[in-house]
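Worksheet: one structure, shown below.
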Amino acid sequence: MSVPHLRLGVNIDHVATVRNARGGEYPDPIRAAKIAEQAGADGITAHLREDRRHITDADIDGLMAALSVPLNFEMAATDEMQKIALRHKPHAVCIVPEKREERTTEGGLEVAREENRLAHFIAPLREVGCRVSIFIAADRRQVEAAHRIGAQVIELHTGAYCDAHAEGDFATRDRELEALREMSAFAHSLGLEVHAGHGLTYDTVQPVAAFPEVMELNIGHFLIGEAIFRGLHPAIAEMRRLMDEARA
């Protein structure tokens, strides 16, 4: 049986982080998105946080106008963000947890605690044609809850796996990888499309990319950092190559 093409979503948030460190127009996240397309990205991910610390409303406007690949719009489950998503109608909306004090998204959404609210929150997004994804830990209870609320997609948080690898804690790394494998298969059995991301690097991407149920990986911070040394196009192209190699 042939394994489906594994999509690469390139997150451009931290191009905006560099821009906002000084202000002004450069580097331009939209230019980065166009380069990502040329380098093999199948989609672009951008997280409009409530505090606008990196991506801005104007960036979302520009991305919607400029992209020839789908936009995956990451956002918190707030009324403000829902209104923005309903106005733009991006291809995909990924609901993520958000805390003002965090540097980056620290964990998965606790769907099981907020099933009723989240079910009502995502319904209008689905009605206008957005594919709704929920960013969760590799936990059976959260996968089941995401399915019950009507999400079409889950994105599994790979951060614990990547952190354990970076720290040299290979027992934990292998345990986290097995949890990702099991929950990918379980979610797929429920009819959910499976994505994964957070903290993936050249060293950690291939074991996750090899899971046949995973249809998309969203990768950002590492690629933007690697671009300093080898350029954005080559950095993304190498990630694309590693993903394809793992899937072969």
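Just so you know, glycine gets a Cβ as well, placed from its N, Cα and C.
Because the structure is a prediction, the values reported are computed rather than measured.
Annotated features in Swiss-Prot:
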{"type": "BINDING", "residues": "Asn11, Arg22, Gly199, Gly220, His221", "note": "3-amino-2-oxopropyl phosphate binding site"}
{"type": "BINDING", "residues": "Asp13, His14, Arg49, His54, Thr104", "note": "1-deoxy-D-xylulose 5-phosphate binding site"}
{"type": "ACT_SITE", "residues": "His47", "note": "active site, proton acceptor"}
{"type": "ACT_SITE", "residues": "Glu74", "note": "active site, proton acceptor"}
{"type": "SITE", "residues": "Glu155", "note": "site 'Transition state stabilizer'"}
{"type": "ACT_SITE", "residues": "His198", "note": "active site, proton donor"}
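Recorded features from Swiss-Prot, shown on the structure.
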| residue | record | Cβ contacts under 8 Å, 6 or more apart |
| --- | --- | --- |
| Asn11 | 3-amino-2-oxopropyl phosphate binding site | Ile44, Thr45, Ala46, His47, Glu74, Gly197, Asn218, Ile219, Gly220, His221, Leu223 |
| Asp13 | 1-deoxy-D-xylulose 5-phosphate binding site | Pro29, Thr45, Ala46, His47, His54, Ile55, Gly220, His221 |
| His14 | 1-deoxy-D-xylulose 5-phosphate binding site | His54, Gly220, His221, Ile224, Gly225 |
| Arg22 | 3-amino-2-oxopropyl phosphate binding site | none |
| Glu155 | site 'Transition state stabilizer' | Cys94, Ser133, Ile134, Phe135, Ile136, His195, Ala196, Gly197, Glu216, Asn218 |
| Gly199 | 3-amino-2-oxopropyl phosphate binding site | Thr158, Gly159, Tyr161, Cys162, Asp163, His221, Phe222 |
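Among the recorded positions Arg49, His54, His198, His221, the residue whose Cβ has the fewest other Cβ atoms within 10 Å is His221.
Across the residues the record lists as binding 3-amino-2-oxopropyl phosphate (Asn11, Arg22, Gly199, Gly220, His221), the two Cα atoms farthest apart are 25 Å from each other.
In the shown protein chains, 25 other C-beta atoms lie within 10 A of the C-beta of Gly220 (3-amino-2-oxopropyl phosphate binding site). In this structure, the C-alpha atom of the residue listed as 'active site, proton donor' lies 16 angstrom from that of Arg49 (1-deoxy-D-xylulose 5-phosphate binding site).
In terms of local Cβ density within 10 Å, Glu74 ranks first among the active-site residues His47, Glu74.
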